[in-house]
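Participant: Below you'll find the structure I mean.
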Amino acid sequence: MSAKSRILVLNGPNINLLGLREPGHYGHQTLPQIVDTLTQQAQTAGIELEHLQSNREYELIEAIHAAHGNVDFIIINPAAFTHTSVALRDALLGVAIPFIEVHLSNVHAREPFRHHSYLSDKALGVICGLGAQGYEFALSAAIARLQAK
């Protein structure tokens, strides 16, 4: 693994409201707190971490496109786009960067429309229902994959 390894963390719509929005489902941690924890974890491993949260699908797609040749791994919480976005799926397939899908809540224990993901069958792995800690597990897995190269 080179010291230049980079991981991109993408968060979809309404994740900017963490700590306020439905804490019973999503917890009390804010997005900046989660990103700070991940940044420290990545720095300890000698990995550069980038983060983007957007409520706009096209901004997430553009970030995925820009990652091609610049990022070694993606961790994505597509949020509501999980269940609707063929475009995000196509972008991830187009750049062929390995990715892990993360969800704070257990989407399979919620409304039926949340049970389908357009990304899960293409992800290296899916972590759901573990709250903010799910991001840490995803980052640990990504780092392990990069270190194994």
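Glycine too: its Cβ is placed from the backbone N, Cα and C atoms.
Pasting the feature list from Swiss-Prot:
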type     : residues                                    : note
ACT_SITE : Tyr26                                       : active site, proton acceptor
ACT_SITE : His103                                      : active site, proton donor
BINDING  : Asn77, His83, Asp90, Leu104, Ser105, Arg114 : substrate binding site
SITE     : Arg21                                       : site 'Transition state stabilizer'
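Buried or exposed, and what's around them? Tell me for each listed feature.
Facilitator: Within 10 Å of the C-beta of His103 (active site, proton donor) we count 24 further C-beta atoms, all protein chains included. Following the DSSP three-state reduction, the secondary structure of His103 (active site, proton donor) is strand.
Within its own chain, Arg21 (site 'Transition state stabilizer') has Asn14 as residues 6 or more apart in sequence whose C-beta sits under 8 angstroms from its own.
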